[in-house]
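First the structure, in the form of structure tokens, and then the observations on it.
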Amino acid sequence: MVDAEMAAFGEAAPYLRKSEKERLEAQTRPFDLKKDVFVPDDKEEFVKATILSREGGKVTAETEHGKTVTVKEDQVLQQNPPKFDKIEDMAMLTFLHEPAVLYNLKERYASWMIYTYSGLFCVTINPYKWLPVYNAEVVAAYRGKKRSEAPPHIFSISDNAYQYMLTDRENQSILITGESGAGKTVNTKRVIQYFAVIAAIGDRSKKEQATGKGTLEDQIIQANPALEAFGNAKTVRNDNSSRFGKFIRIHFGATGKLASADIETYLLEKSRVIFQLKAERDYHIFYQILSNKKPELLDMLLITNNPYDYAFISQGETTVASIDDAEELMATDNAFDVLGFTTEEKNSMYKLTGAIMHFGNMKFKLKQREEQAEPDGTEEADKSAYLMGLNSADLLKGLCHPRVKVGNEYVTKGQNVQQVVYAKGALAKAVYERMFNWMVTRINATLETKQPRQYFIGVLDIAGFEIFDFNSFEQLCINFTNEKLQQFFNHHMFVLEQEEYKKEGIEWEFIDFGMDLQACIDLIEKPMGIMSILEEECMFPKATDMTFKAKLFDNHLGKSSNFQKPRNIKGKPEAHFSLIHYAGTVDYNIIGWLQKNKDPLNETVVDLYKKSSLKMLSSLFANYAGFDTPIEKGKGKAKKGSSFQTVSALHRENLNKLMTNLRSTHPHFVRCIIPNETKSPGVIDNPLVMHQLRCNGVLEGIRICRKGFPNRILYGDFRQRYRILNPAAIPEGQFIDSRKGAEKLLGSLDIDHNQYKFGHTKVFFKAGLLGLLEEMRDERLSRIITRIQAQSRGVLSRMEFKKLLERRDSLLIIQWNIRAFMGVKNWPWMKLYFKIKPLLKSAETEKEIALMKEEFGRLKEALEKSEARRKELEEKMVSLLQEKNDLQLQVQAEQDNLADAEERCDQLIKNKIQLEAKVKEMTERLEDEEEMNAELTAKKRKLEDECSELKRDIDDLELTLAKVEKEKHATENKVKNLTEEMAGLDEIIAKLTKEKKALQEAHQQALDDLQAEEDKVNTLTKAKVKLEQHVDDLEGSLEQEKKVRMDLERAKRKLEGDLKLTQESIMDLENDKQQLDERLKKKDFELNALNARIEDEQALGSQLQKKLKELQARIEELEEELEAERTARAKVEKLRSDLSRELEEISERLEEAGGATSVQIEMNKKREAEFQKMRRDLEEATLQHEATAAALRKKHADSVAELSEQIDNLQRVKQKLEKEKSEFKLELDDVTSNMEQIIKAKANLEKMCRTLEDQMNEHRSKAEETQRSVNDLTSQRAKLQTENGELSRQLDEKEALISQLTRGKLTYTQQLEDLKRQLEEEVKAKNALAHALQSARHDCDLLREQYEEETEAKAELQRVLSKANSEVAQWRTKYETDAIQRTEELEEAKKKLAQRLQDAEEAVEAVNAKCSSLEKTKHRLQNEIEDLMVDVERSNAAAAALDKKQRNFDKILAEWKQKYEESQSELESSQKEARSLSTELFKLKNAYEESLEHLETFKRENKNLQEEISDLTEQLGSSGKTIHELEKVRKQLEAEKLELQSALEEAEASLEQEEGKILRAQLEFNQIKAEMERKLAEKDEEMEQAKRNHLRVVDSLQTSLDAETRSRNEALRVKKKMEGDLNEMEIQLSHANRLAAEAQKQVKSLQSLLKDTQIQLDDAVRANDDLKENIAIVERRNNLLQAELEELRAVVEQTERSRKLAEQELIETSERVQLLHSQNTSLINQKKKMEADLSQLQTEVEEAVQECRNAEEKAKKAITDAAMMAEELKKEQDTSAHLERMKKNMEQTIKDLQHRLDEAEQIALKGGKKQLQKLEARVRELENELEAEQKRNAESVKGMRKSERRIKELTYQTEEDRKNLLRLQDLVDKLQLKVKAYKRQAEEAEEQANTNLSKFRKVQHELDEAEERADIAESQVNKLRAKSRDIGTKGLNEE
């Protein structure tokens, strides 16, 4: 990552990674790999140095400080090249050793780079200053980055954990460990800050929580200030040390959004509340309150602002330079507000804190002449009592005179001052601890939300390892916790990692890193360990700290290597024992441990607390359980009952839960390092840091990372992600197993195939290889995208070029035309043509102008209209767009809901499958357990028999002891003059008797008894030795006593082993039980979540049911409106019948009036015809109305059914489309993310290209340097050739080899130049060739170094040869002068010379080997280049395939976009049609109401006519004149009659016209109705397209209905107005009637008219009677149908209610069944669990038996082997003796030979050279024989020693086998007891299961009955519905 990319980190960049300039400087820095080393140093551990010389296995070097030191060669360690300076991951170092790690950390720390990767974990060093590396800019830069993509940081660790959680769907944990003051708390806060920020990015919409106090992420962050105020304090090493441990779990939803959080705390240091060391202080909250930042607090708490006024908090320092208590108080108070604490809760906490300060000031004194305490002043007590809501006198009385329970009564007990002070401190500590725990619980309640949570990330911040001058019980608990965490780290890093390799079948040799801390852990927590002994001592009333110390020393001193006796130093606190922890040796002081562990309280004061008026204090102690055991006489304090639980036991329980939680997660480790003890920024204390690195296992973690396979991927995931590297290796359409596909793919890649291994399910990679594959993948994607971009740019360029060509052609045509015009424009005829041409067209032009003006006018009008239309359409478009947006939002919401529902459904299905599989597995295990239970029962009986035998043995031992006692008494009678030692012997024997009884009572005292018996035996032995001369009889008794002691010792050891094994197995079983309980709880939680989701789905279904019911209610409203129309029609029928009745009355009156004329008869006939016509019209209208109503009812029913079906279909189609949409959306997101990654990879590759060019330049310069060095070597070789003498032939051969090496180097240099040119030409392959260039450069450096070594060796060889030549010359001269005397020296010189020649030959061979290796390197590079070219071609092919896929995807996307637009247009058209239908319906209703109004008008006219007839009748009756008189005026009346007749005809014409209007209105009504039906049919068809908007359409219909209602009201208003007009017309008509009456005074002319009228009336009466009969029949039929319909509705409602009741009963029964089923399932699971435990015990018993058998066989074999080895030893001893004799003989022979040699020398002086040579040959032969004999002798001695060791090993193995046999036998006894307990539990579980099964069957029976009742009710409902439909059908047919 270059500087430009680091710009994203802002001002933090220099503190995270070194700059590009610094990296270049490091690469060019001079460095000598052979001379630059590290040497050890007493003060600094290691220092850098330069080697000056090497001599005799020692090295002389000059340190960087100028000091010259000489050290052994094996103590010298090489430095890494400068390019590795400040490396970010120390696993990448070339030379991995302690000084390399130390100096890398030191150099990074000097540049303020405090974070460094160390293999799989991160190391951070406390900077002791603020660094700008935690701001929001840095958080954003690290979000979503891989570990290799960003510098080391705590944010990177956090983001990796977050990504692992989402991808692996596994809970994560981050363990931040280190010593106190190393920076754990700060890093924990940064982790929480990071998670809160990235979770808030995905959840910004949730601004405020239900509390209204702040967002969830704010609350999580603000929990820290509150916890730190009450739980952090200043210590010697840390100003803000956490004095409690916390495990913060941050829960996330399935999508990674923040869901909730919770905090678990461990081991608050209560003692700090009342006591602090000098350099420390109390918890921060005390000093924050006293800072006077909030003066109202001081007034409320009745305190001053001086800390020294309060004893509890002023024992150490009171201020800290780095902490502003005033600002911290405001931060704490603000944190309480954000966390939702009420004012009352905050004030209560402040009051209790102030009360504790006043508590420390309460003083007490002794009463005069009494050992009784009394208060020394009550002021402080009054203040404390006031703040705590207590009575001051009661508080003081409870402290000084507490009430204790003795038997069944309470008595008052006196207390001395020391006891009262202790009780006061204990109460203060208890109040503070419980208040702290309450605060944590309150914070957890705030952080707990109702949001669904899927996974969590736990952050562990626990008190670091502590080594103080004074270490007490709290330090032991803290250090024990850190020991367990370090063991967890070691086990995870070094054991589980290697076990994973074994499990996957990878060839791996197990490496023991020596990091096992189990011995120290067992010493603390196992039975008879420190905590076990402490708890045991707490049970005994008279136990003290010293008895606890004595037991510790008796059990562990000398027996455990981790337990030591301390060295007390003057000036330091006393220490009682020492423990060797992983971080160092700690001296512990045990004063007060028993009290701290029991933690007793004054119960009288606690009872006052329970009754306090301060609610918080009373709630804190509401659940306190006191001491119920009565006090016996002579005993000081009461013992706790069965509920007693010590602090150590509680801590171990919490610690075991924590470790269980951590084991269930994927851990990430952060190691915090403290750089110095003085808190100085930038200073590294080398010894201190090295000690922490060694303890933390940093080097071992790096080694396992480098040697092992830290990265692993499942085969399927690997194939999916990396197939792009070589798609041809895994064909697309062919099925290939994932593992085979991965093997083919990796085999086809150009990588080191030794860097990965194939397991059974995963492929494993060494460190760095996975990163290389990622780089190759990024490069491949970059090439593909580059190709796509090139093709796209090519297409665009070709399109632009085509446009340019077309433009050019157009320009050429224009130019040609202009040139032609310019050639003819001056031609006279052309000028004439130009002048005449306009004149010819002037007339036409004028016409055209006129037409154009008209056209312009029209267009202008059209434009105005179109503008108006456009504006109208724009307004409509705006409204439609708004509606569309609303619909889209609604659709999006529905899609989101549907997606969530589908996701929940899938999760439920998966969980169901998993649970079913687990149920099946547990069932099988239960069956196996039952079988094994029977077998174990039989074995249990056998073991009980063995136990009875053991009891008999114990009885025999008791008898033996009784005999010993008798003999002891007899001895006492015989020997009266025993000394004081004999008296001591008597006391020891008495103790032995008591201890024997104690052994029978309790096996827990076995170990103490054993020690006592050993002391007794020793004393007895001493007494026996002293008194052996005086008491011979006592000797026999003592021997018997020894035998008894041995028997007891064996029995005790056996019992002790039994006890230990039993306790261990119990603890293991408890752990297993806890794990299974937690699993059950987890499964219960998952089941509850599933039930909640099911309830949500049911709620959604109920909502849909409500919507359907609303639609049905709407339909019923429409039916009611239709019924109203029917009632209106019935009213019309009633009016018609009334009219008929009135006509009948008129006809009767006319008949009474008498005769009728012919004119009247004709008029009657005419009116009768008119009435018949009107009746037929009315009947037709009635039939039409009935038919219309029937059709409407049928249409309505059909439409309702079709709408229901369409709604169902639409729901299914909607689900399908939403699913497809989500799939395409996911694909689009994937493609988008891939494009972004490809673009980023391209940018990275371009930057890498520039870097590679720089590296090429460096490589070129280095190659030139290499060439110069080769030339220098060639010149040196020429010089050496001139200097060599006699060895010229050999040297020539060597020089030829050297020249060959030189040529190879030159050739290699030339190849490098070629490679450089190829790199320049092949830009696309730069990334791959970069690795080759780096390796080549490294090889070149190594070759140059090797060449220098060869040159030096060669120069040394030449010097040796020249020296040898001189020596040869000297020896030649000396031999000539004195050959015989110097023969031996000459031989030695020859040997030396031969040795040197041999060394030279070996050097030459080494040079040859290096040359061959260079040749191999060259070939390898050529092969890599060829492979890279193949990769390039493959990448091109993959790019083409990807381009094709991209085009296909674009097509699919375009199709879906088109479908979406079509659906939108269809939606708009359907909305328009709906609006048009609503307007048509409104018009239709208006027309219908107008027809009703016309009908009313006709009725009124008819009524007026009837009144006119009645007036005429009255006039006829009143006229008593004679007919003669009437005849006179007949003529006048006839004239008037004609006028009236014409008027009547006009009225009839108007009546006919109105009837025509009615008919036309009826026809229009029918047409509109038909049109409406047609459009409704079309609407039904289009409802398929408007599926998502049916609810909106219903709303629009509701709106239109409201509009219709308003229009109907308007029509009624118009109707009333018309009725008023009609009344006025009626008045006018009455006036006309009066005129007619005056004209009708002459009745004669009207008699004929009356007769006609009478006839017509008769006909009308008859017709009216017929109509009345028909109407009566129809009304009766209608009434019957109406009654039946009402009865059917009542029946339907009754059945509906019964059905609902049945369904409710069914639901309740189902719930009961489900509850019983869950109970039964839990019982079955318990049963299976017990069966699994039984099977495990069975297997353990079988394994134990098998191990016993194996041990017996091994013992037998060892005995035989021992016998054989003894025989071999004897043989070897004989051989050795023989060889010794031969050696002596050979020595004698050598002496003889030496004597003969002397004689030979004398003869040589005389005899010459031949005799000397013979003697020398003989001497050499003898020397060879002597050496061979000595070798054989040495080998025989080695064999003898080896045999002795083998015998010892076999003896030891036999002893171990015997011990194992005894231990296994004890284990069998123990397991038998466990089997019995499990059998009992299994029987109980089986009984409970049977009970639940019977309940289940009962409920199942009730459920069946309820279902039967529901079926019966449903069948009745169906029958009634069918009957209702039949009746309705019959009624319609009859009508």
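Every residue, even glycine, has its Cβ placed from backbone N, Cα and C.
It is 655-677, from the ranges 195-217, 655-677, 701-723, 839-861, that Swiss-Prot records as region 'Actin-binding'. Taking Swiss-Prot as the reference, the stretch among 1443-1471, 1501-1529, 1820-1848, 1907-1935 described by the feature region 'Disordered' is residues 1907-1935.
The feature region 'Actin-binding', as given by Swiss-Prot for the ranges 757-771, 1177-1191, 1327-1341, 1627-1641, sits at 757-771. Across the coiled coil (839-1935), the model assigns an average pLDDT of 69.
Counting every protein chain shown, the number of other Cβ atoms lying within 10 Å of the Cβ of GLY178 (ATP binding site) is 24.
Remark: ALA182 (ATP binding site) has ASN126, GLY464, CYS672, ILE673, ILE674 as non-local neighbours, by Cβ distance under 8 Å and separation of at least 6 in sequence. GLY178 (ATP binding site) falls within a strand segment according to DSSP. There are 24 other CB atoms within 10 A of the CB of GLY181 (ATP binding site), with all protein chains counted.
Sequence-distant neighbours of LYS184 (ATP binding site) (same chain, 6+ apart, CB under 8 A from its CB) are ILE176, THR177, GLY178, SER242, ASP461, ILE462, GLY464, CYS672. For SER180 (ATP binding site), the same-chain residues 6+ apart in sequence whose C-beta sits under 8 angstroms from its C-beta are THR235, ARG237, ASN238, SER241, ALA463, GLY464, PHE465, GLU466, ILE674. When DSSP labels each residue, the domain 'Myosin N-terminal SH3-like' (32-81) comes out as 3 helix, 30 strand, 17 coil, counted as helix, strand and coil in that order. Around GLU179 (ATP binding site), taking its Cβ as the centre, 26 other Cβ atoms fall within 10 Å, counting all chains.
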